Structures are given as structure tokens and as C-alpha cells.
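Peer 1: Below are the features I grabbed from TrEMBL:
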type     : residues : note
SIGNAL   : 1-26     : signal peptide
TRANSMEM : 190-210  : transmembrane segment
TRANSMEM : 217-240  : transmembrane segment
TRANSMEM : 246-265  : transmembrane segment
TRANSMEM : 272-292  : transmembrane segment
TRANSMEM : 304-325  : transmembrane segment
TRANSMEM : 337-355  : transmembrane segment
Amino acid sequence: MKKIVVGFAALFSFITLMLLPINASAHTDNSEGYSKITMDRDKLHVELQLDFFELGRLIDFGVSPGDREVMLNTALEKHRDAVSEYLESHFEVFTDGAKAEGTVISTDIEQRVGRDYAKIGLEFPAPSNNSSIQIQYSVFFDDNDPMHRNILSYDIENKKGQFIFNAKDRELNAGKESAVGQFFRLVQLGFHHIMIGYDHILFVIALVIGARRVTDVLKVISVFTLAHSITLGLTALKLIHFPSEIIEPLIALSIAFVAVENYFGFPSKYRFAVVFGFGLIHGVGFAGAFQLSNDVTWRSLLSIFSFNVGVEAGQALIILILYPLLVRIRRFQWSTVVQGAAIAGIFVIGLIWYFERFFA
């Protein structure tokens, strides 16, 4: 009996540890933001998306998680001046070394990866031809979220690219970032994204629990990787698009379905087809972390490849931790009890997430 308790506790503790931050609070302490910079003849346009409730820790909007979107939108617009004042010293644009004066021209609320985002439009004077452009970004880092990241995509005259702002990399010289630096930043982003993507983690755990041998793990993860790589690339390049309101509930449903499949044990050929199909859905979810222009260039392909390397590294870490534990537990007769309990827990969590997202 003692061995049963120890084995169950070990597996339960691993799953709980991986999923501990879920729904703990409105803020994340590892939030992601998104930026897009474009230019026309006389204006530099910035679309900045920030986690609404992370921003709300700095500016008291007077609303709570679960409030209707129209209430969040009204609160954001009401506090436009406070938002503008904060961004004035935390999102700075310099042309040829001189600070450009920006103006907040619009505010809105947008749902992204299951969270409420403040969508803020800013305008700056357009730089003259061949001017150097520098962006200094320090949103949240020193205030409430040192793990915050912002994924920037820019298209300014002949300067195009992507950049990841974080607490260490706060400054971008447009058009001058190195491909090597971009590679490592995006690998880190991909790894970070799956480590905070608790639904993706639970799906991988469900796949591994359903695999008996190392070869089974390699096969099923390879199928999942192939599938999500396809839709990740197509979605990131904006060649396909599916609303998050559809994708997020389906990701949750995939977790519950694989748990059921683990219990009843479908034939392997059907399992691979199911995993491939759900992998396509998860790939769209992965791409929610960053989007590129729809120009297929070597830099955009490098960005997708780099991000995917980070995702696969995160998956590999989960498997390397979990599979040896499963092998150890399966040596005992009571392992079926532990595995059954884990499968039931995964099914319940997946189903809860599905209904939460479906009715959100």
C-alpha cells in the first residue's frame, strides 16, 4: 500500500508542479506582449498589445477578471491619459538619436491566447530617409513582471524583421540585429512559450502516458511535431487563420480525448491519425505567441524554425523528466491504479478547460 501511495504521489506531484500556476490569479508574472510597427509617408504606426490585467496592476482600471469586454474597453479608454503617460517613458522611439514624440490614437480590447489584451495604437512622426531608428522598451520589467516579453514585428521602409524584448534585451536598432541573436531569442521564446502553455504540457503528458515503449514515445511525438510544425508555420506567416475562440476549446478537448483514448486503447494507426489531427490544432495555438509578415523570406523561415526548436526543446525536457518516472512505476503491479488515476485527472482537467473556454 505504501508503494502505491508513493508512486501515485510522485506522478501527481509532477503533473501538479507543471500546472501549478493555472488560474492562480489574473496576472501571470511571465506575460507576453505583441507589437507591430509600420510606416506610411508621414507617420510611424505602432500597434501595441499588452496583457490588460498586468497593465491593471500599474493603472487602476477599476474592473475585475470576468467582467464583460465592453467594461474593460470603457475602462481602458477612460484611463487613456494614464496609459499614454506610462508608455511615454516605457516605449520610446528615437530617430537619429533624437526622441520622437508619440501619441496614443486608439484603444481596444482583444482576446489573445485566452487572455484579455489592451490593444493600443500609437503614432510617431515618420523618420526621414535612411535615418537610424531605435526602440527602447521597458514595459513591466522593473514594475511588476521581470519575465515579461514582447514580440515585435516591424516593416519600416527597407528595414524588416522581428525582435523579442525582454528584461535583458530592451533596445532595438532597426535593421541591425544579427541573425544569430534572433535565432537564440526565438529559441528561448519557443521554450518559454511551451513552459507556460499548460494545456500543451498536459497534452504531451497524456501522449507519453499512453506510450508503452521508447519507440512508441518517439513515434507519437514525431507525428505531433510534424503536424504542429505545419500549422505553426502557416499561421505565423498568416497563410491560414482560425479564431482563438475556436482553437482554444479544441485544444482543451484534445486533452480530454487523448485521456479517453489512453483508457480504451485505440489501435496505433488510429492513434497516429488522432495525434496528427490534434497536432494541427496545437500548431495554430503555438503560433499565437508570434506572427510574422506574410512575406516568405529567409528571415521569416529562420524565425519559425528557431521558435519551433525552442518548442521541441521544451517538449523533450518534459518527456525526459516524465518517461523514466513512468518506466519506474510500471515495474509494480499497482501501476495500473496510478496510471488510471492520472488519466482520469487529465480527462477532468481537459474537460473543465473545454467548458471554461467554450463559454468564455
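Backbone N, Cα and C atoms are what each Cβ position is placed from, and that goes for glycine too.
These numbers come from a predicted model, not from an experiment.
Tell me about the setting of these features in this model.
Peer 2: Under 8 Å from some Cβ of the transmembrane segment (217-240) lie the Cβ atoms of residues 204, 207-208, 210-211, 271-272, 275-284, 286-287, 290-294, 296, 300, 303-304, 307-308, 311-312, 315, 319, 323, all in the same chain and six or more residues away from its ends.
Taking Cβ pairs closer than 8 Å, the transmembrane segment (246-265) reaches residues 113-114, 199-200, 202-203, 206-207, 209-210, 271, 274-275, 278, 281-282, 284-285, 288, 340, 343-344, 346-347, 349-351, 353-354, 356-358 in its own chain, all 6 or more past its ends.
Panel annotation: around the transmembrane segment (272-292), residues 32, 34, 112-113, 151, 153, 162, 186, 189-190, 193-194, 197, 199-200, 203, 207, 219-220, 223-233, 235-238, 240, 242, 244, 247-248, 250-251, 254, 257-258, 261, 266, 300, 303-304, 307, 311 of the same chain, lying at least six beyond its termini, place a Cβ under 8 Å from a Cβ of the stretch.
Long-range contacts of the transmembrane segment (304-325) within the same chain, counting only residues at least 6 positions beyond its ends with a Cβ under 8 Å from a Cβ of the stretch, are 10-11, 14, 18, 182-195, 201, 204-205, 208, 211, 214, 217, 221, 225, 228-229, 232-233, 236-237, 286, 289-290, 292.
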Peer 1: Near the transmembrane segment (190-210), which residues from the same chain, at least 6 beyond its ends, have a CB less than 8 A from one of its CBs?
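Peer 2: For the transmembrane segment (190-210), the list is 15, 18-19, 21-22, 28, 30, 32, 149, 217, 220-221, 224, 251-252, 254-255, 258-259, 261-262, 271, 275, 278, 282, 285-286, 289, 306-315, 318-319, 322-323, 326, 339, 342-343, 346, 349-350, 353.
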